[in-house]
Amino acid sequence: MLSGVQPTGSLHLGNYLGAIRNWVAGQAEYENYFCVVDLHAITVPHDPAELAANTYTVAALYLACGIDPAHATIFVQSHVSAHAELTWLLNCITPLNWLEDMIQFKEKAVKQGENVAAGLLDYPVLMAADILLYDADLVPVGEDQKQHLELTRDIAARVNYLFARNQPPILKLPEPLIPKAGARVMSLTDGTKKMSKSDPSELSRINLLDSPDEIRKKIKRCKTDPIRGLAFDDPDRPEANNLLSLYQVLTGKTKEAVAAECADMGWGQFKPLLTDAVIATLEPIQQRYNEIMADPSYLKDLLKKGQEQAATVANATLERVKLAFGFTLP
């Protein structure tokens, strides 16, 4: 299994509940590669100092959230040069219109206007290289990444067709791993939008490193409605559904139990319950994070070991592809 998070902005509850917690739950079942995808982070304008600091923060949060180095290889994408090299090879056989049709590119290109970089168009090919280098069987994806995984499969199939027709395939076609729960945590300021690091409002998300006071402030100010009594699945009350679902996932209670508990509540009663659940979830993560960051050499050594382990696998795949393309090897 392979997955990763960009070191841009702060990791938030959506990243944890929608992705990282699921990685932790399944890590003993798979051979895992968890990457800090810093090459993806520079496809939009970025601050170099923040990128460097956030790279270590994300790696430390992987560990603090429960990723076990005994069950996973943790590494930084740019530390393994095969990612960039395979991306170029895949670029040369990927039709341009495949990339122009990607929904995320269209959305982000509109925001950037004339300043849109070629790297943003090429983002899905880099993602394909990330996945294909490790012969990944499963890739955890949310709804917003399904199209990128489909493109990865198309690119792998094209390589196999062009260079290994009637022969064993060169690249493995990965399958999506869609989480059963917690897959979509919504914004605190708009229950119809996904919680996002890129949202300009800090009030829209709860970051994994937010203090208890910051958490209380954000939940106190989060968008609600004037209706007393809280219920799931009312299309006219997206915020109620979002906050109840968040409470359910954090407490581990059943949907039916939460519905019964909160049926007659007002927001003034419910928000302290949600606040306590968030703080209780994040407290051990923050404690472990602080311990890791207090020992920088441990984190750097772990990432160096991860780079070596990842490069061994990635370079073997890259060599296989280069030979298929007709390159000579040194």
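A Cβ is built for glycine as well, from the same backbone N, Cα and C atoms used for every other residue.
Your range for motif ''KMSKS' region', going by Swiss-Prot and the list 194-198, 199-203, 284-288, is 194-198. In this model, the motif ''HIGH' region' (7-15) carries an average pLDDT of 91. Its own atom aside, the Cβ of Met195 (ATP binding site) has 23 Cβ atoms within 10 angstroms in the protein chains shown. Asp130 (L-tryptophan binding site) is surrounded by 27 other CB atoms, counting those within 10 A of its CB over all protein chains shown. Annotation note: Asn15 (ATP binding site) sits in a helical segment as assigned by DSSP. Across the motif ''KMSKS' region' (194-198), DSSP assigns 0 helix, 1 strand, 4 coil.
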